[in-house]
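Asks: Attaching a single structure in structure tokens format; questions to follow.
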């Protein structure tokens, strides 16, 4: 009788075995509270965005069209014709007789003047070729390389490799003999740069506890602004020197930084566990724990990892191929639906994020101050995105930000042009800056949101594709800006409608505030099922 009475209890107990410790819980257990040294390591990783920003916005100065003045020394032209042409706002020195004008600064200060791109028959297409090549390389690299950080190389090796190759391409750019070689090297630089920021952000968030993830993500955006703001100061210092010096003084520090990361930063233990490399993950966790004061931890202390590492070690997404993670996403409707929704929203934000500075920058005659103002506008948006991620839902924050950006952009269509009066000029400038500010914050939130939407096994690939969607918006933006010089609704109107309408796609995404990070596709499916069931 006693046995009969106790059997149901034992059966009931065996039917509900203890749930295996998740990777997220295991890592939180072993690394403990994020210490100052661990946080400093994550911040060091985030600094990669500063070097990335320098390469993105370098052409603003190196490929700028220099100012010119009349000399009036050519035969048959006492200077009056040249002076009349110079007084015209749309004047081009190429239409003037040779010898009647010259550049205000040495020809080697810009690729446009050194290689006579403006007057050499190529026109605007040849002038914009290097910048276009950079973004084309960025798109190609983002598609071909971003999956390697999830499969073969890992976050750390991919980041170091990206920084080294980007820096080497920047150094080689110094030796460009013509615009064609220059454009080819800019393509290579963009190709290599495409994975640097993504790998740095994903790795830094996977090395800290969950309470610090938003902070280190925002630190990357702050460092991006710092890198952007460093260019005007550097360009002003080298304003009389060759444009090649800009690449030397940005590429060499980036190369040294990559070497420093190689020796100071460890691989993500989360990624190592997902790949089934338990011993390497334990070594990485021990190194992180030592940063937090846990020097006494030994290998035997990590016995709890046996179960969770065994469960996910065989669950590598899609296998070992270069595009394994992309196949894994495409094979699951929920993952493909998430990727489609967030990349569509990011494309809309990217149109404004890259397009608005082209319009705002034209409001200032001082190139250095104009770029500095645009860069400074990103700093408060990073703080706003940090506050939103900590206190509000992701979807509602994004809908509000994209709607605000769209409305402010549409307001620029109805506000009188700057020529209509000082009041109209100030209002339009305020609306433009407000739209850009909201788009910056929305872009930051989208990248942090994408980290939470996808598991470790495909996270780097997904975040990389989200970033490329923003770059694709940047490819479209210059064409809209060119059309909008005559009629503002082609630029500001399309900007507003695009970001406002496409931003609504985030409503198709699940809310992730307060959730732990998933590690495998099955883990994410289980978490989603629990939420939908509740």
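Every residue, even glycine, has its Cβ placed from backbone N, Cα and C.
Pasting the feature list from TrEMBL:
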- 38-514: domain 'Major facilitator superfamily (MFS) profile' (DOMAIN)
- 158-175: transmembrane segment (TRANSMEM)
- 215-234: transmembrane segment (TRANSMEM)
- 246-265: transmembrane segment (TRANSMEM)
- 335-355: transmembrane segment (TRANSMEM)
- 367-389: transmembrane segment (TRANSMEM)
- 396-416: transmembrane segment (TRANSMEM)
- 436-454: transmembrane segment (TRANSMEM)
- 466-483: transmembrane segment (TRANSMEM)
- 489-509: transmembrane segment (TRANSMEM)
Asks: Test the contact criterion for the transmembrane segment (246-265) and the transmembrane segment (367-389): 3 or more CB pairs under 8 Å, pairs 6 or more apart in sequence, then answer yes or no.
Replies: no
Asks: Within this structure, do the transmembrane segment (158-175) and the transmembrane segment (396-416) have 3 or more Cβ pairs under 8 angstroms, counting pairs 6 or more apart in sequence?
Replies: no
Asks: If I count Cβ-Cβ pairs under 8 A between the transmembrane segment (215-234) and each of 158-175, 335-355, 367-389, 436-454, which range comes out on top?
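Replies: Stretch with the highest Cβ contact count: 367-389.
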Asks: Over the span of the domain 'Major facilitator superfamily (MFS) profile' (38-514), how high is the average pLDDT in this prediction?
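Replies: Its mean pLDDT is 80.
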